[in-house]
Amino acid sequence: MSTSFRSYYNAFGFNGQKKQQTNSPVIENVEFVNNIPDVRILPPLRHGEEIIAQAQRVHVFQPLSLNNQGLIGELYITNFRLSFQTLRFPDYRQDHQAAVHDYWHPWTPGLIDIPLLSIAQMFRLSKSGKRKPFKIGGLKRLVILCKNFRLETFSFQLSSTSDSHSVASALSGYVHPLEKERLFVYHYGAKNTNPSVGNDTSGDSVPSFSMRSDWITEMKRTDTNFASWRILQANENFHICSSLPRCFVVPFAVGEDAKLENLCALLNPAEERRPLVWTWSYGAASLCRMSGDIDDTFFRAVQQSHPQRHTPRILDVGAMCPNIREIKRSQEILRDLLLVESASALESSDDKWYHDLESSRWLQYVSRCLETCRMAVADLQKNISVILKETGDRDLNCAVSSLVQLCLDVSCRTLKGFHRLIEKEFVAFGHRFRDRLALVKTDPERESPVFLLFLDCVHQLLVQNPGCFEFTDVYLVLLWDSSLMGSFKTFSMNCQRDLQGTSSPSMPSVWNLSFKPDLKESIMDPLYTTTNATSQLVGSPSNVIVSLNSNLPCLQLWKHCFFRFVPPLAVSSAVSRKSTVMRELCHRVDGAMAEMRGLQNGELVDGFANGEVSVDGEDVSYEDLASLASGDSLKAATIVRRRSQLLRPFVPNATSQTLMTFQK
Amino acid sequence: MSDSQQRPGSANAPSIPLRSKRVTAPPFSPPPPPINQYSMVPSVIPGSAQRTDRSSSSPGRSLIPQQRQHSAESLLSTSTAHQAGQSTDASSMRSDRASSMASTAVADGSPSVPSSIRSTKSSSSSSLSNTGEPLVSAREHRGELGSLEDAFANLNGEEVKLTSKTVQHVDGSTDALQSGVLTITNYRLIFRAANPADSFDLPLSFISSIDKVSTTSNSQNSFRLRITCKDLRREVFVVTKNADQPSQKHFLDVLKAHAFPLSYKRQLFAFDYKGEYSSEGWSVYDAKTEYKRQGLPNDMWRIANVNQKYELCETYPSVLAVPLNASDELLFGVASFRSRGRLPVLSWIHPVSHATITRCSQPQVGLNGRRSKDDENYVKLIHDANPSYPRLCIMDARPLVNAAANKAKGGGYESEENYPSSDLVFLDIHNIHVMRESLRKVREMCTPRIEDPNHFYSNLEATHWLSHIKAILAGALKIVDKVETYKSSVLVHCSDGWDRTSQLTSLSMIMLDPFYRTIRGFQVLIEKEWVSFGHKFAHRIGHGEEKEATERSPVFLQFIDCVWQLTEQFETSFEFNERFLIAIIDNVHNCRFGTFLSNFEKEHGEKNLKVKTVSLWSYINSDLTEYRNPFYYQQPQDSTGVDNVLYPLTTHRYLKLWLRYYARYDPSVKYQEPIEERHKQLLYALQRLTELRDNLKKEAAARRDSNAKNNNNINTIPRSSSNHSRVTEPVHV
């Protein structure tokens with residue numbers, strides 16, 4: 001077969017059976033692309049990325065099509081991702097991609113680019129459609145379930161056995177690697193000669209909290225009393241506590257380094273002898289983290305650090321929040337709910353959706369985390385220090401501590417501040433990203449998407465407080481994707497000690513991820529800057545404290561994250577007109593502000609005296625304001641285009657039959 | 001027409017007052033709300049303004065809780081300070097707008113506040129009480145109960161019937177007793193507590209039932225009274241015996257007599273109410289104008305006046321659109337075969353394909369399989385009127401089982417043999433009794449607050465409320481798909497053609513025709529498909545009746561809920577917002593306006609409602625600021641096709657319980673989209689900036705003049721006056 005037919009066609013009959021011989025597919029349904037040489041489209045490769053295996057004439061099926069519609073192309077397995085390439089993707093794929101374009105990660109630009117480490121499970125599919133365990137050998141059909149709620153089905157029935165064999169062995173070798181050195185971040189690091197990718201040398205890089213200076217900055221930023229808290233540097237070789245950074249902050253009253261070492265030696269070795277650490281101050285009150293039952297010495301030391309000697313409050317995060325097994329179970333149920341294979345399954349599961357959703361308990365867990373955060377915030381506002389207590393201090397403590405700071409600390413709500421927050425609370429304090437996200441084959445008991453739960457909590461804050469955060473939930477989704485790639489040092493380690501002896505400066509950091517301008521626009525919330533700038537002017541509430549409603553019925557399922565890869569359900573918010581209206585309005589206000597400043601500085605605009613002052617190229621008047629409210633002044637063309645995406649949710653087959661999806 | 005609609009709102013838009021008193025030391029205080037804006041609103045009733053003045057001069061409660069909230073102590077309890085600030089703001093803002101909406105909260109002496117705001121009143125109070133914050137200032141504590149007695153503004157036509165000081169209100173969430181003064185007028189029940197946050201109003205026509213609940217303690221001297229409302233609200237009072245006060249029996253008698261005026265041979269409040277508005281709501285809908293808008297009459301359809309005296313069909317409007325070739329005799333023949341004479345007539349016609357949506361009641365087939373040649377011919381005429389598609393689709397809203405069961409009662413459905421060019425589809429929507437029961441479960445789930453939040457979703461599923469919503473939306477979507485995609489005409493009916501049929505035709509018309517998504521168009525739609533086609537509002541709501549008849553059913557509420565689901569999915573396609581929908585549904589329960597008081601058009605005329613009562617639309621249209629959706633985007637007139645048609649997702653994954661309506665008395669539920677609030681703030685900011693710019697401009701001009709006169713160097717002159725530089729100083733971008 002030398003002709004390259006790459007088109008959307010119906011290769012198989014209804015039961016998934018082949019209609020005809022392998023090498024002569026159904027002619028009438030095939031669009032032949034003549035006169036095009038059989039060029040292989042190689043995926044653009046990154047530093048250190050190598051193609052491990054490839055297979056030709058592979059089908060990828062249309063989502064929800066019961067695996068009887070699809071398109072044909074070449075499948076590449078690299079040491080980073082699985083990439084499916086074809087000359088032209090059919091409309092349904094492109095429509096879907098256009099609808100959720102904002103959520104497309106820059107490192108996986110293709111329509112079907114799946115980072116190998118984001119794969120949760122792989123199955124072979126038997127002829128009857130049953131899922132069988134994956135094994136090395138010739139593949140006929142392959143189902144891939146991803147941790148970020150994506151499902152893709154491939155068929156190798158038209159490709160050669162050797163091709164599918166090599167794909168199977170490549171996948172089995174790279175999907176759940178046995179040792180951490182096989183993570184892509186190490187390959188990238190080894191090949192990368194440009195250290196600036198990993199370590200931003202400019203002044204405003206995200207601190208790693210491994211150096212004394214980082215903590216000094218942080219203590220100064222939060223107005224912390226250096227007489228009450230002390231930066232401990234004795235952990236240079238991680239001998240006091242292996243999961244803590246080289247430097248961390250402890251109560252001054254605990255005493256000298258040696259005394260602390262002795263104290264730590266008495267602590268529970270199962271919890272890595274982790275001492276109490278300071279993480280943030282709110283006025284006179286402090287936020288501390290502690291593993292397991294608190295030692296009396298530490299407790300008194302925290303009390304003494306408080307200027308009024310208020311008794312600190314211990315919040316048992318471990319008891320109030322779900323544990324890691326519960327979170328994992330919850331996400332698995334949620335994933336099974338979302339990853340359905342056919343439109344009819346989607347439909348039949350719809351009637352018990354609420355029951356299923358509740359049985360996953362996901363929203364309940366989100367609610368519990370937010371409630372814990374709310375209590376911590378309430379205490380801190382009463383000038384009471386809070387000690388977050390959790391066995392190990394490496395999971396939910398990270399989430400709750402971050403949430404508290406997001407609620408109370410304005411600077412954490414900028415993009416930079418959010419980076420710093422995650423770097424401190426999750427990365428420096430040793431959240432086991434590698435284990436929890438199962439990037440390397442680990443004990444299934446250790447796997448748990450704590451980070452996703454945290455991101456969902458942040459998402460709820462974003463929904464409840466528009467304009468209070470510099471970033472949008474698009475960014476949170478991209479962060480979740482980034483964490484599953486194993487290609488950023490931020491999310492590939494269990495603690496800072498893991499970076500010892502590696503070429504860490506050349507490893508990419510997720511904070512240096514660069515986005516295309518249009519994506520950048522959907523990541524940043526224009527409302528944030530504008531609201532901040534105008535808050536004094538209009539006397540609107542300042543953004544010092546965000547409000548927080550932890551009541552479960554008021555929480556929203558994170559549709560943009562969870563429904564992203566289920567085409568009929570994927571509706572993008574970032575292109576919604578609501579945000580377009582807001583964006584437009586923000587531009588106008590910004591323009592007016594700029595003009596005001598200009599006037600204050602005496603820079604008289606030329607047309608100014610003639611009364612032709614323009615803002616953003618347009619005259620601002622009451623009429624404009626009014627028309628803005630009704631939306632007349634907007635560029636109709638873009639709106640209409642965007643609306644068409646918005647109005648007609650993507651349907652796999654835009655015939656009326658499938659419009660009937662989800663109906664009784 | 002859209003232009004003329006746009007105007008008044010546009011003029012109002014920039015002056016939306018966005019005050020918040022939470023800024024402690026602003027460089028300049030935000031301007032007072034533009035009161036003159038509202039004083040133009042004719043809904044201010046003479047006399048009430050006076051009262052407002054008086055009450056607002058007494059220590060208002062609006063400021064105090066806000067400032068307390070600002071101390072951020074109670075901030076992060078389940079509700080938010082932001083929201084509380086807004087609510088009190090809003091109430092003070094609207095204080096000069098006469099009481100208007102149905103379930104009203106009167107707390108700070110402002111006559112009344114829209115019900116949507118009422119919920120946040122309670123939210124602020126309970127969030128405060130949660131944290132043990134005293135809500136009321138010491139000054140207010142000193143207030144005598146006696147002074148509370150007349151702390152409300154009468155509506156025009158409202159009279160006080162009874163005042164009692166021995167009635168205590170039981171707080172829904174804490175079960176605490178609140179003392180106060182209870183006043184009953186011919187319109188509402190007013191409770192004024194010593195703590196203003198606990199005060200509230202309750203229009204009497206909301207009351208669905210009044211029960212005495214036996215209590216364990218003090219049963220000799222007092223009893224508990226549970227008032228259940230049609231909007232899922234529930235209030236409990238404790239009535240104590242006291243020599244000085246009206247007797248318990250008298251109290252109960254007065255309450256019942258005014259809550260259920262029709263059962264006690266009185267008239268509804270709407271006939272007493274004499275509100276005056278700038279807009280005339282009764283002229284919103286005119287059948288002929290609406291059919292003309294749709295392009296009728298045309299070469300296939302005519303406007304028939306045969307029902308002028310309601311002889312053809314008692315429950316139909318006088319003006320009907322029927323196929324051109326259907327003679328009046330034929331119409332009578334068809335009517336005799338259809339249940340209650342509700343023959344198929346046109347609801348909507350597609351402007352391009354001329355596919356139609358027609359509505360009717362079930363054919364009287366019966367067990368013997370009766371046929372009517374007239375009816376079959378008439379259906380054929382409807383079919384022939386649309387040459388674009390060879391089949392006519394008959395949508396029977398009922399489940400097949402119910403439709404078949406109706407044969408025993410003489411009803412039934414069209415057999416495809418007798419109507420050869422038709423396809424019959426059953427839409428599986430259940431009857432009014434199932435819906436009523438479902439809403440009862442929603443009430444139990446949401447009142448007084450959402451119980452057991454961790455099982456919220458399974459409780460929700462058990463109510464089946466959203467399953468019914470889904471069935472209705474899916475049915476409407478099927479109609480839309482037939483009409484738009486297949487260009488097929490659709491005939492819709494259920495049993496009598498006034499409940500499910502109205503839901504389906506009106507929803508599919510909203511999805512198909514952008515006109516009905518405007519404020520004006522939506523009013524036309526309700527007047528047309530619901531009021532004039534005889535939805536039997538009086539029976540379905542049970543206005544003024546004590547007996548809870550089985551005729552009652554939340555059919556119209558379901559329709560509004562479906563529209564709300566659409567507005568959630570297509571947030572820019574509707575000119576109106578959620579408050580508009582809540583205002584409508586509240587006034588369906590409220591007997592203040594005449595719009596929803598009758599069962600059908602004939603009765604409407606007989607009662608002379610247009611003369612004797614005020615239309616709801618008069619009230620709503622007199623000030624639309626509150627009801628506009630700031631994100632509305634109007635399609636260009638010439639654009640046709642797919643973008644004008646809404647195809648909602650009818651999956652449960654996208655349907656939501658309308659918490660801001662069903663659970664609006666739950667403190668944890670926000671009353672407004674925060675993003676909408678931000679939008680208002682930005683508009684206000686832009687307005688401020690424009691003002692500042694104009695000031696600077698004037699200044700610069702003046703400076704330039706003086707420059708010219710004095711021939712001075714521009715640099716020696718201060719760039720701007722100290723006043724303005726101070727004003728603009730905090731503006732840092």
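Backbone N, Cα and C atoms are what each Cβ position is placed from, and that goes for glycine too.
Note that the coordinates shown come from a computational prediction; the quantities given were computed from them, not determined experimentally.
Taken verbatim from TrEMBL:
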{"type": "COMPBIAS", "residues": "B:1-13", "note": "compositional bias 'Polar residues'"}
{"type": "REGION", "residues": "B:1-137", "note": "region 'Disordered'"}
{"type": "COMPBIAS", "residues": "B:55-86", "note": "compositional bias 'Polar residues'"}
{"type": "COMPBIAS", "residues": "B:87-129", "note": "compositional bias 'Low complexity'"}
{"type": "DOMAIN", "residues": "B:281-662", "note": "domain 'Myotubularin phosphatase'"}
{"type": "BINDING", "residues": "B:Asn406, B:Lys407, B:Ala408, B:Lys409, B:Asn431, B:Ile432, B:Cys494, B:Ser495, B:Asp496, B:Gly497, B:Trp498, B:Asp499, B:Arg500", "note": "substrate binding site"}
{"type": "ACT_SITE", "residues": "B:Cys494", "note": "active site, phosphocysteine intermediate"}
{"type": "REGION", "residues": "B:700-733", "note": "region 'Disordered'"}
{"type": "COMPBIAS", "residues": "B:708-723", "note": "compositional bias 'Low complexity'"}
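Here the features listed in TrEMBL are placed on the structure.
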residue  : record                 : DSSP (3 states)
B:Asn406 : substrate binding site : helix
B:Asn431 : substrate binding site : coil
B:Cys494 : substrate binding site : coil
B:Arg500 : substrate binding site : helix
Restricting to the chain of B:Asn431 (substrate binding site) and a gap of 6 or more, list residues whose Cβ falls under 8 Å of its Cβ, or answer none.
B:Arg398, B:Asn402, B:Ser495, B:Asp499
By the count of other Cβ atoms within 10 Å, pick out the sparsest of the binding-site residues B:Ala408, B:Cys494.
B:Ala408
As a test of reading the model: what is the averaged pLDDT for the domain 'Myotubularin phosphatase' (B:281-662)?
92
Neighbouring C-beta atoms (10 Å sphere around the C-beta of B:Asp496 (substrate binding site)):
19
Sequence gap of 6 or more, C-beta under 8 Å: which same-chain residues meet both conditions with respect to B:Trp498 (substrate binding site)?
B:Thr315, B:Arg342, B:Ser361, B:Phe533, B:Gly534, B:His535, B:Lys536
Check each residue in the chain of B:Asn406 (substrate binding site) that is at least six apart in sequence and keep those whose C-beta is under 8 Å from its C-beta; list them in sequence order.
B:Gln362, B:Arg398, B:Gly412, B:Tyr413, B:Ser495
Pairwise C-alpha maximum, in angstrom, for the residues (B:Asn406, B:Lys407, B:Ala408, B:Lys409, B:Asn431, B:Ile432, B:Cys494, B:Ser495, B:Asp496, B:Gly497, B:Trp498, B:Asp499, B:Arg500) that bind substrate according to the record:
21
